[in-house]
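Following: one structure in structure tokens, then a few remarks.
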Amino acid sequence: MCGILAVLGCSDDSQAKRVRVLELSRRLKHRGPDWSGLYQYGDCFLAHQRLAIIDPASGDQPLYNEDKSIVVTVNGEIYNHEELRKRLSNHKFRTGSDCDVIAHLYEEYGEDFIDMLDGIFSFVLLDTRDNSFIVARDAIGITPLYIGWGLDGSVWISSEMKGLNDDCEHFKYFPPGHLYSSKEGDFRRWYNPPWFLEAVPSTPYDPIVLRKAFEDAVIKRLMTDVPFGVLLSGGLDSSLVAAVTARHLAGTKAAKQWGTQLHSFCVGLEGSPDLKAGKEVADYLGTVHHEFHFTVQDGIDAIEDVIHHIETYDVTTIRASTPMFLMSRKIKAMGVKMVISGEGSDEIFGGYLYFHKAPNKEEFHKETCRKIKALHQYDCLRANKSTSAWGLEARVPFLDKEFINVAMNIDPESKMIKHDLGRMEKWVLRKAFDDEENPYLPKHILYRQKEQFSDGVGYSWIDGLKAHAAEHVTDRMMLNAEHIYPHNTPTSKEAYYYRMIFERFFPQNSARLTVPGGASVACSTTTALEWDASWSKNPDPSGRAALGVHVSAYDPLPPVAPNVEKVSPKILNKKARMVEVM
């Protein structure tokens with residue numbers, strides 16, 4: 001991942017403005033420590049912080065067409081760039097970068113080329129011939145992007161909020177799957193798949209088709225000129241990513257450069273479910289496995305840095321981002337610059353435990369659609385910003401555009417969790433890789449119950465966070481919460497604690513509006529809380545809040561005394577039974 005920053009149409013084209021743009025761009029240097037570039041054309045500035053994954057030698061940005069009349073700064077990976085280069089055989093390319101095709105595609109096809117790109121991207125393209133520009137973000141929002149407006153009429157674009165929040169009168173996240181054109185002065189959606197309208201599909205489930213689509217998604221993400229590995233928690237999603245990568249690595253360009261021995265990485269508290277399962281999968285696949293241990297105190301000490309980097313006060317995102325943030329630092333220290341991860345599967349297949357309560361296939365499908373649309377504010381944000389904080393790139397094959405088309409076109413009746421038919425969550429995915437003759441994974445791993453990342457790293461992690469927050473947020477503070485934070489009012493001491501930290505870094509009203517809100521249980525949307533009345537009374541994003549479903553669900557709570565400061569911290573923190581989920 002790279003960092004991009006653009007200021008377009010500002011009233012000041014002085015040297016002082018150039019210095020300010022450079023200063024703001026350096027706030028994104030963690031995203032791209034390998035190179036910095038700045039292009040100025042009149043009152044337009046395009047800055048770039050590069051993390052070199054493809055063509056490290058010559059792919060520095062900004063990038064140009066032949067006569068440099070079109071300039072582009074890009075954060076992303078274009079997996080079909082070699083195919084696109086063939087379609088642009090009459091063009092001359094300056095670099096071997098996968099992103100070099102963008103300026104030439106625009107020159108050839110105008111603004112209508114975006115859907116031709118297979119990959120993840122955020123970019124700003126300046127056409128100096130008429131001083132117009134376009135900005136675009138990938139289909140799901142895997143790469144982060146924000147847009148802001150200055151009082152002088154300028155438009156600001158940044159990979160992270162910290163690049164523009166101090167200088168814009170108003171800003172917001174750039175919507176995924178959209179294009180902004182200066183000629184129109186507005187957004188338009190370029191990504192319009194059938195599932196986006198939430199119409200219920202009827203294509204019969206075919207395990208072979210689903211398996212092939214996922215393998216293709218993983219294989220295209222093996223495009224790299226630098227050392228890489230896989231994140232392996234031992235859960236279904238990361239284990240499938242590792243299994244497919246290990247199976248197809250030999251013969252790739254990456255293998256010729258770095259060898260066929262796959263490296264895998266896992267993080268957790270001592271004795272956590274993920275560490276044990278991850279080691280077992282690594283041994284089965286024959287990867288070089290690296291375990292990173294952290295303590296609850298290590299995580300607590302990192303919370304402020306985590307919130308500064310991931311730019312949210314959402315509770316479940318912070319819980320999961322912290323161990324990923326700590327692990328990413330260790331991975332980068334080993335010389336690895338790219339990892340492949342398993343985000344997105346739960347949203348596509350209804351893998352969260354609350355999907356057990358889906359009343360029918362229509363509601364099941366609509367909830368998966370809602371979850372995918374919101375990914376850019378949750379798991380995509382976490383995976384990208386937790387890793388890029390240390391100059392590490394995370395790739396997510398489950399969110400491949402073509403794979404999503406296949407998976408979301410399956411009749412959701414097949415995705416429904418039905419115990420009488422032996423179907424657990426994500427049954428269609430598990431069944432697709434249940435190969436008796438040439439197994440991808442051990443059976444008990446293939447059918448391991450869902451663990452949310454913040455739970456799987458060790459159950460005492462969340463309990464420790466709650467206890468720490470309770471030491472810093474009093475009951476009196478909670479009584480005034482709705483007056484202090486009228487928007488997305490925190491309903492727990494943990495949420496209040498994170499909100500205080502967030503507002504110190506990002507005090508603007510625009511900043512707080514970028515974070516979603518609403519009650520949730522086990523990562524549900526607010527709408528899905530209506531599926532079970534008992535869950536709506538226990539709105540905690542942990543998977544252990546899925547009472548009656550999770551093997552290690554929270555113990556039922558006794559009535560809370562009026563003066564909660566005198567209640568035992570063990571009751572306040574809802575200690576869970578430490579039953580191992582395997």
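Glycine is no exception: its Cβ is also placed from the backbone N, Cα and C atoms.
If you look up TrEMBL, you'll see 2-185 marked as domain 'Glutamine amidotransferase type-2'. The active site, for GATase activity annotation in TrEMBL covers CYS2. According to TrEMBL, the L-glutamine binding site annotation covers ASP98. Under the heading ATP binding site, TrEMBL lists LEU231, VAL267, SER341, GLY342. As annotated by TrEMBL, site 'Important for beta-aspartyl-AMP intermediate formation' applies to GLU343.
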ASP98 (L-glutamine binding site): tally of other CB atoms within 10 A of its CB: 25
Distance from the residue listed as 'active site, for GATase activity' back to GLY342 (ATP binding site), taken between C-alpha atoms, in Å: 21
Cβ packing number for GLU343 (site 'Important for beta-aspartyl-AMP intermediate formation'), 10 Å threshold: 26
Greatest inter-residue Cα distance in Å for the ATP-binding set LEU231, VAL267, SER341, GLY342: 14
For LEU231 (ATP binding site): intrachain residues, at least 6 apart, with Cβ closer than 8 Å: SER238, VAL241, SER264, PHE265, CYS266, MET327, VAL339, ILE340, SER341, GLY342, ALA394
Cα-Cα distance linking CYS2 (active site, for GATase activity) and GLU343 (site 'Important for beta-aspartyl-AMP intermediate formation'), given in Å to the nearest integer: 20
Alpha-carbon spacing, the residue listed as 'active site, for GATase activity' to ASP98 (L-glutamine binding site), which is rounded to whole Å: 13
Across the domain 'Glutamine amidotransferase type-2' (2-185), average pLDDT on the 0 to 100 scale: 95
Other CB atoms, at most 10 A from the CB of VAL267 (ATP binding site): 28
Local Cβ density at the residue listed as 'active site, for GATase activity' - other Cβ atoms counted within 10 Å: 27
Neighbour count (Cβ, 10 Å) for SER341 (ATP binding site): 25
